């Protein structure tokens with residue numbers, strides 16, 4: 001029961017942060033983040049990967065690899081570090097769930113035969129999604145900090 005309240009509170013805070021930022025959120029990025037929410041404790045320093053994290057992560061790897069590309073970008077990595085997320089642990093997460101992810105594929109996807117307008121649109125979407133990931137990381141860190149104070 002207590003765990004359910006924590007997750008409910010977590011989602012309420014995320015929605016408030018997203019609404020207050022005025023940013024555009026597309027369905028794909030929200031879906032991706034919702035699927036990876038069970039991994040947040042691990043990304044905030046818990047050394048054991050929760051079992052409930054691996055299946056959603058495997059689904060994202062197979063069905064939405066662009067999500068992982070956004071999360072391993074230099075911009076997201078530096079912002080995640082500032083928010084207290086161990087980026088090395090985040091990068092090791094797929095392997096700890098028994099999955100292999102090739103980060104070179106992210107470069108191949110981004111350099112595919114797209115036009116300049118496609119690229120500029122992609123850059124705008126990537127910025128928006130990176131901003132959302134940073135907001136998520138900060139919200140998770142604040143919640144974790146508040147939980148430690150209350151406990």
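Placement of Cβ uses the backbone N, Cα and C atoms for every residue, glycine included.
Look at residue 69 (disulfide bond): DSSP puts it in a helix. Of all the Cβ atoms in the protein chains shown, 20 others lie within 10 Å of the Cβ of residue 69 (disulfide bond). Look at Swiss-Prot and you will find 32-69 (among others) tagged as disulfide bond.
Counting only residues at least six positions away in the same chain, the Cβ atoms of 49, 50, 53, 56, 57, 93 sit under 8 Å from the Cβ of residue 39 (disulfide bond). The disulfide bond annotation in Swiss-Prot covers 39-53 (among others).
Summarising the annotation, Swiss-Prot assigns disulfide bond to 54-97 (among others) and lists similarity to another entry as the type of evidence. DSSP assigns residue 54 (disulfide bond) to a helical segment in the three-state reduction.
Here Swiss-Prot flags 67-106 (among others) as disulfide bond.
Sequence annotations record features per position, and here Swiss-Prot assigns N-linked glycosylation site to 44 based on sequence analysis.
Here Swiss-Prot flags 120 as GPI-anchor amidated serine.
What Swiss-Prot lists as signal peptide is 1-22.
For residue 106 (disulfide bond), the nearest of the recorded positions by C-alpha distance turns out to be 69; the candidates were 32, 44, 54, 69, 97. Residue 32 (disulfide bond): 23 other CB atoms within 10 A of its CB, across all protein chains. When the Cα atoms are compared, residue 97 (disulfide bond) and residue 67 (disulfide bond) turn out to be 17 Å apart. Residue 97 (disulfide bond) falls within neither a helix nor a strand when secondary structure is assigned with DSSP, and so counts as coil.
Just so you know, the Cβ of residue 44 (N-linked glycosylation site) picks up 19 other Cβ atoms within 10 Å once every protein chain is counted.
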